[in-house]
Each structure stands twice: as structure tokens, then as C-alpha cells.
């Protein structure tokens, strides 16, 4: 019994997870009964609690055995959310249980965040001597070097190293002490396994200085985070050149293997120089951080494009794949295997060029025939020879490229399931289906790349000469609009009747006494066009958005610690298009608006739309049936002359104090394929104007304080522009976890009611209102 001499108590919770039969309960019982003279109380069926004193502080440790609830995903998720550290247990004799550990780790990181590090992998039944034993050293290397986790080899039956499991968990929780308890063999000390969310990190300086060159960079806007790093836009203060700055806290690089991993990533990346590899511009460090200076890719990655578009057109797939393969060909010629090729690591610059990045798992082949054996990669893209630990080489990248091509054309990865274990089973069995609508030439290439036998896959050099790339249309450039809507070549040209809408616009307006009914009918005619345009659901994803907002509001985010709101920020989800200006002349003509790219559109009262692109010449016309046509101000049907005159008026009105219309705009290759989202419907309330774009985006502009919400159901994200015009984008799931300000929360509640109204209106514009602008 321990003396109670302390005044405060800290509670920590360890959760044991693993497949059935791996010995989770046996390990806990062995620890509690056989090795320590702790007083413990079984508080609920699977929860054990014990207390001990350490350096003037009492620590209550709760140990949760999930054996009784493991099969229930909701209960397992709750356990993960409330835990401080995890023991992921597998049996030394059962390979499937090791795969379950990898799946559990993915689930933990999805809930706790990619930077969470409080994990110890536990190999139980180490006393077995059967021939089916797994390679302990290999698993340990993967856990420690690739995952940054702890690793303990133990046996509940003999008691070997059982105490080490709990010691490792305690070490990861920053419970430093030289007098743990009589049962502890040695003190727990601060380690690199501290959860970055709970351990305070040094503040990143505003000015980054390379001590070797004295070059200075100004830290700008936050770009995103992943792994242990955060990324910012940084500007060379002398040349004004803009880069992406990757910032890694040294407190997360404490163990030798973590430093070595970082060093290897830098060493490989800095040796590469290719148009389709993210440019490496240097690295330096100070006392607290490592800084890596990289080429900036403002158009994010193919992952964000995929989330917004799902399947892309075949010409787009050729364009993206050809550049990616060229980049991988360069890597392989330099004896580098990337080992983590996926949509999220294929970045896009302003010219929509593919840039391969993130060399955290990359390796170099030192001699011909060398086979690597580290278990690494991303589940949906991982090759079977990696899973089966047969040794792997360049062929794993070809497999990943096959998964990428399939995902681009089909809209989802070939082996994806809701269960990671089932995904791995399908990969091992080479079990996938190519939909019938896929071009047979593309299907043949996918099958070659996803051949179960790596020796029978084509080389990257062979891929470039495949019929898929040598036949069929492939654009030289793509417009940035394809990040959210398909390019122009994907839409069949529409014929415009020369006599279309010859009646005066005011006459048409008089017929719109019931605009809700009128536009509702138009929506019915648009259903087929939605499918073609990536507007996959007739409701424009409004039901999806309603569910997201309902879930978010139910979490009561404003009741959480508002100081953590920044953790919910995810700039990768920033909208591609939003409405920056609008003018309401619906009493006579319609609603005019300006998109953020300076293009201008009008939704006329007769339910037709007309958009003038930023160049002041290109036009996009959408008729009542949602058929699109592409024209020029220099050549258009006479039937559209009045609408084009009105569009020019709207454009001049909104541009008067914003920019010189069409000035200094240099056309770029690919602009001829531009196709913009258009205003699908809108309405006004006393408090706000609500605008629904054809790409699924909903924007709400509040009249009183001029704040704005931009909601994207495809990215499950919300952008908030506050009174100071501060522009921040958050993932809804992260707002649920970290909370937000009362101001944002109240607007999210209002947004939910507005989405309900949009669904009820089914494509309505508001009744006529007094002329106004914003």
C-alpha cells in the first residue's frame, strides 16, 4: 500500500487493442496480479484502476481491456477518443493479428490525428517456438522506424517483459520520475513519444533564418500539416520568391531512428531535380526546429481534386498519369523507390503540372537485385509483395500507379473496402473489378500494372509507350477550373436555336410571379446534366451537407476549448470558387455575381445563365435545360445580344472599384478548356443571401457584419470569412473534435436551416427584392 502524501492527482488511461485471442486480458492480469504490489479496483467490467505516488504527485492509471467491446466499432471508437496511450497487441503466431494492428493504428490516427504518437506495439506469446513465428526484428523495425511507436516482445504466460509494456506506455505520457513505484524497474522519462497535442511545442518564429547563409524567410499563411510537420508559405525576404516551408519540431525527433528517417528523406529529396518532382531548395535548423524549403504547389494535390470530382475524364487521366509516370521514371533511373505513391503525394502547381512529393518512405537501391523488406505504404495503394513480406523493389511503384489510374477513372481505389483487413485480403487475392464503361485499352493497362506477380508488371519506361498514352486525346495543358468541374472537352456542344428567347426580358420577367415553382421545374430537366457534370446527385449534395451540419451541430462545438480551434484548420480544403461580389436586380433581370477568379455571371429570371470569363471575351451560356455552350463576345447568336449587353453592364458595375476589366490578363495554355461552375439557385432572408453553385458549394453572406460561410460537402469543409476578412478553412470533423468560437457555431446552426430551405425550394430563387449590392 502506497502512502498518500500528495495534494493533486492526474488520471491517465491505457487502452489495450488487438484481435480476439491475442492475450490482451492475460497481459493485464499478469501485470496486475503477479508483478506489482499495487492496490487496484475493478471499477467496471473491463476497466481496472490503480494508483501510485511519484515525486509528490499522485497518478491514477486506468487500464481498459477491450475484449468485451472490441467487435463494436462505435464502442471501440469511444475507447480511442478517451485514451491517452495504446497497447496494440498481436500474437507472435498469427499473421492476421499483425495486420489487425496496422488497421487499428490507422483508426487511431484517423481519430486522434496523424501526429499522435502514444502507441506501443506488443508482440505476445513470444514463448512459442513454432515454425509459424513472425520475424520479430522486422516488425520492431517497422514499429519504431516507420511508425515512431514503441515495441515490446513479451509473453503473458511466462511474464517475460510484461512490465516493459506498461513502462513504455508510461514513458510516452511524460510522467517523468526517478521514484516511480516499488514495482517499476526504472523511472519513466520524457521521450519522443509525447503526444504533440498534450505536450507544449515551441512557437515557430515569424522570421526563419538559415544560420549558414543568413538567408531570411518571412513565415506566411498556414498551408497544412501531416505527420510531425506543419507547412507554411514562406517568402525569401531578399528575392521575394515564395516557397513552401516544412517545419518539424526537434522535440519529435528525439530517437535515433527518427533522426535517421528525417535525414534519409532530406538526403534523397535534395538529390533529385526533375520537372515532375517537388523542387528541393534547401534545409536548415535552429535549436528547436528543422526547416525544409520546398517548391510551393498552390493547387494542392490530386487527392483534393479526387474528393471534389471523383472520376475524371479519360483525357485528364492521361494528362495526370503521363506526367506522374515521367516523374517516377526519373526516380527509378536514379535508383529511388518512392514507396508511397498516392493521390495525396501528387501535387499540382499553378500550371496544373504534377509534382511528386513526400519522400518520407522513399528508399534507394544500393545494388542490382536488392529487395527491401520494410512494411510500409498506404493501405489502398500497397502492393501484395509488401504485405506478404516477400521483399520488394521498383515494381511496388508500378502497382501504386495502377491503383492511381484506376482511382482517377473509376472514382475510388480498386481494393477499397470499409474494413482494412478485407482490403488487404483483396490485395493479396488480386480481387478487384473494372467497370464496363472503362475504355478496354485503359482496362488492359490497369490489369498489367496490377499483376499479382511483380516480375510480370511493366516497367515505367514501358508504361509511357502503352496504347493508352499513344492513342486517344491528351491535352497539353489543363485549366485550373478542372479542380472542381470537368473541362470543356467533356461536354458535348449544344445547339442554340437562333430564335431562342426573342421576347423582351421584361416580358419574361412578368411570367415569373412564382419563381420557386418555375426554377423547380428547370431542376427536373437538369437531372441528367448533373450526372454528366459531376453534380452527382439531383440535390447538388445538399442532403449530404445537411447530414454533415446536423452531426457537427450536435457535437456542440462552441462548448469546447475555443483555444484549440486552430487545430481544426485544414487549408487543403479551401474552396476553388466562391462568389466575391453580387448585385440583385431580380425585380427586372436577375442576380449578377462575380466569382473569385474575376469572371462574372448572371442568373436571369428566365432560369438561363451567362458567364463572361476573366479575359473579357470568352462566354459560357447555360440554357433552361442546363445544356452548356461556349461563345465569344466577338461571335454569338443574335438571340443572346440583350443578355450579353446586360452581362457587360453587371460586369462594369461590379468591376468599377475592383479592377480594370480585362486588364493585364495574360491567357495561359489550357484556358481554352476552362469551364466554370455557375449559380444554380439563390434566395435572400432578412439576415443573409444564400447562394448554391453548380459544383455543390453553398455560400452564405451575412448582411449585418459582412461575414461569410462557404460550405463544401465534397470536402466536408467550411470556410469562414470574418469581419476582418480573415479567411480560414476548417474540416467539419475537426471542428467536432476541437470546437470553435460561439460566432462560428451560431453561423453553422443558421447554415443548417438554410440548407433545409434550399432542399425545400428545390432550385428556387427568391421573390423580387429591392435592388442591392454586396
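Each residue's number is its place along the chain shown, starting with 1.
Cβ atoms are placed via backbone N, Cα and C, with glycine included.
According to TrEMBL, the ATP binding site annotation covers 246. Sequence annotations record features per position, and here TrEMBL assigns domain 'Protein kinase' to 217-469. Residues or ranges marked as domain 'POLO box' by TrEMBL: 578-656, 678-760. Among the features that TrEMBL reports, transmembrane segment is placed at 12-32.
Broken down by DSSP into helix, strand and coil, the domain 'POLO box' (578-656) contains 18 helix, 33 strand, 28 coil. When secondary structure is read from DSSP and collapsed to three states, the residue listed as 'ATP binding site' falls in the strand class. Every protein chain considered, the tally of other Cβ atoms within 10 Å of the Cβ of residue 246 (ATP binding site) stands at 26. Taken residue by residue, the domain 'POLO box' (678-760) breaks down under DSSP into 26 helix, 32 strand, 25 coil. Predicted-model confidence for the domain 'POLO box' (678-760) is 94, expressed as mean pLDDT.
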